[in-house]
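Student: Sharing a structure here in structure tokens format.
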Amino acid sequence: MEVENQQPGSWEGYVNWRNRPALKGRHGGMVAASFVLVAEVLENLAYLANASNLVLYFSEYMHFSPSNSANSVTNFMGTAFLLALVGGFLSDAFFTTYFIYLIGALIEFLGLVILTVQAHSPSLKPPKCDPATPSIPCQKVHGAKAAMLFIGLYLVALGVGGIKGSLPAHGAEQFDEDSPKGRKQRSTFFNYFVFCLSCGALIAVTLVVWVEDNKGWQWGFGISTFAILLSIPIFLLGSTYYRNKIPNGSPLTTIVKVLLAALLNSFKSRGSNNAIASMATSPTPTPASEEEGGNIKSKTVEPTQETPSKSLQFLNRAVGDNSTAGALDCSVQQVEEVKVVIKILPIFACTIILNCCLAQLSTFSVQQAATMNTKLGSLKVPPASLPIFPVIFMMFLAPVYDHCIIPFARRATKTEMGISHLQRIGIGLVLSILAMAVAAIVEIKRKRVAMDTGLLDTTTPLPLTFFWIAFQYLFLGSADLFTLAGLLEFFFTEAPSSMRSLATSLSWASLAMGYYLSTVIVSIVNSATGNSNHKPWLSGSNLNHYHLDRFYWVMCVLSGLNFLHYLFWAMRYKYRSGRAPN
């Protein structure tokens with residue numbers, strides 16, 4: 001991207017929406033980030049309104065079985081979050097986060113229009129099931145109708161991926177990380193980004209879900225379509241305030257080049273003492289970010305070392321007498337950037353199981369609530385509105401965390417952050433363990449009530465309030481608050497500046513892997529537990545015959561083992577900037 005000559009008082013490496021140098025005092029800051037936060041409210045409203053209730057749409061209108069409905073939803077949500085990597089890659093490599101958001105919003109709008117049209121027209125859906133003839137099975141959606149459903153659905157997923165991969169990084173880029181005030185504002189932004197996620201979710205799981213259940217799905221899809229369309233002009237209103245980071249080329253090219261150069265030079269250097277081998281053992285100078293007295297200033301630009309650091313020494317072979325090919329010549333800075341990416345990957349991997357647990361909020365937990373008494377006085381609460389419990393708690397906890405807990409922690413620890421990113425993520429992992437244990441206990445109680453009242457083989461609502469399900473939602477929602485905000489800030493702060501959008505997208509990719517893993521675990525559990533004498537734990541059309549409690553205990557054990565795995569890596573991780581305590 002061509003940029004005019006840098007002007008005095010301009011932000012180095014940033015341009016405005018007209019591709020001119022972004023100016024200090026005019027571009028960036030909390031005002032610019034506020035437009036991002038409002039857009040996130042509307043975007044998450046559009047996405048979560050359908051994702052939270054989609055399992056019922058699949059089962060009641062498209063006639064999927066409960067397990068197939070759950071798997072279809074997790075596959076859709078997993079794909080949407082995984083595509084955030086594409087959005088992040090394009091933001092870093094070719095386009096700005098500004099343009100990727102706009103493209104993603106338009107694609108999501110198109111997908112929602114298709115879903116709205118299908119929901120509105122009975123001829124585009126399978127025929128309704130006839131209660132008078134239960135012997136005739138319901139017709140599952142197929143053919144052109146199924147194609148229309150999944151085209152609309154995965155256009156939404158593609159648009160969501162572009163938005164998730166660009167919007168958090170775009171907001172975080174508005175702050176000056178070379179000043180303590182800017183870094184604190186950026187931390188506040190990530191906390192309020194999760195707060196705005198919750199605001200959108202609150203509207204989605206109350207108003208929109210109620211409309212879908214009582215007025216029709218075409219109205220629910222219509223509200224989502226209007227919300228994502230409205231987010232576009234609101235986002236554009238902030239154009240004159242934004243500073244947009246100039247793309248630095250493909251970060252994947254740098255990663256592949258360093259790995260290939262290290263591998264090829266490793267083969268060539270065997271049996272000989274060359275400059276690369278001695279360079280790998282040379283002392284590492286103190287990085288530029290380490291100031292005397294522990295007063296750290298985190299820089300966007302990597303420290304200009306003449307020799308690579310001692311960590312991950314096999315990559316140091318990518319530097320030096322590289323006679324393999326000119327295209328594989330690597331600088332020390334490129335090697336150090338790749339090392340940072342490799343070091344954060346184990347942290348990313350340790351959050352996948354937590355997100356596998358979160359996947360249950362959109363699938364089995366909704367189906368559990370659908371079998372229970374969802375009346376609140378004279379009001380009948382839709383099962384898909386249950387996420388209101390963690391959403392309200394997250395909306396309450398996010399500002400409390402930012403304005404009360406963090407200032408106290410800063411005074412107590414005498415550090416700039418107070419609570420480190422990894423500590424915050426660890427708290428979320430512990431809460432996910434408790435959530436799965438609570439979910440198993442609640443399911444045991446639900447099944448016992450069904451057996452005691454003789455309602456095990458019926459679809460009659462059980463004489464048990466749906467508030468019991470709220471406990472697992474509360475723990476998982478708290479885990480999501482701690483982990484997601486911590487991950488977003490951790491990846492953005494620790495990643496090299498040329499890879500920040502892609503690295504931040506790893507937070508959403510973790511969610512994707514969790515949803516996919518949930519599908520895999522359900523399939524593995526069914527395969528392992530099903531034989532000629534016993535039905536699989538999670539199969540059939542009646543949830544009362546599932547062994548969902550055992551499945552939750554399995555998830556609890558996996559979450560515990562995952563936490564131990566996380567501790568192994570977190571205790572060994574050294575922050576790149578040195579500002580956060582280990």
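In case you wondered, yes, glycine gets a Cβ from its N, Cα and C as well.
Found this in TrEMBL, in case it helps:
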COMPBIAS  297-308  compositional bias 'Polar residues'
REGION    277-308  region 'Disordered'
TRANSMEM  28-49  transmembrane segment
TRANSMEM  69-91  transmembrane segment
TRANSMEM  98-117  transmembrane segment
TRANSMEM  146-167  transmembrane segment
TRANSMEM  188-211  transmembrane segment
TRANSMEM  217-237  transmembrane segment
TRANSMEM  344-364  transmembrane segment
TRANSMEM  384-404  transmembrane segment
TRANSMEM  425-444  transmembrane segment
TRANSMEM  464-488  transmembrane segment
TRANSMEM  508-530  transmembrane segment
TRANSMEM  550-569  transmembrane segment
Student: Going along the chain, which residues at least six beyond the ends of the transmembrane segment (28-49) come within the CB cut-off of under 8 Å?
Tutor: 11, 14, 22, 80, 101, 105, 108, 112, 156, 160, 163, 167, 170-171, 173-176, 185, 189, 192-193, 196-197, 199-201, 203-205, 208-209, 212, 220, 223-225, 227-228, 230-231, 234-235, 237-238, 241-243
Student: Cβ pairs under 8 Å only, please: of the recorded stretches 69-91, 98-117, 188-211, which one is richest in them relative to the transmembrane segment (146-167)?
Tutor: 98-117
Student: Of the listed stretches 69-91, 188-211, 217-237, 384-404, 550-569, which one has the most C-beta pairs under 8 A with the transmembrane segment (508-530)?
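Tutor: Stretch with maximum Cβ contacts: 69-91.
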Student: Out of 69-91, 188-211, 384-404, 550-569, which stretch touches the transmembrane segment (98-117) the most, going by CB pairs under 8 Å?
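Tutor: Maximum Cβ contact count belongs to 69-91.
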Student: Output the single range from 217-237, 344-364, 384-404, 464-488, 550-569 maximising the number of Cβ pairs under 8 Å to the transmembrane segment (69-91).
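Tutor: Out of the listed stretches, 344-364 contacts the transmembrane segment (69-91) most.
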Student: Sort out for me which stretch, of 188-211, 217-237, 344-364, 464-488, 550-569, has the most Cβ pairs below 8 angstroms to the transmembrane segment (384-404).
Tutor: 188-211
Student: Determine which recorded stretch among 188-211, 344-364, 464-488, 550-569 has the most C-beta pairs below 8 angstroms with the transmembrane segment (217-237).
Tutor: 188-211
Student: What residues in the same chain, six or more past the boundaries of the transmembrane segment (550-569), come closer than 8 Å to it by Cβ-Cβ distance?
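Tutor: Sequence-remote neighbours of the transmembrane segment (550-569) are 346-347, 350-351, 353-354, 356-357, 360, 364, 425-426, 429-430, 432-433, 436-437, 439-440, 443, 521-522, 525, 537-538.
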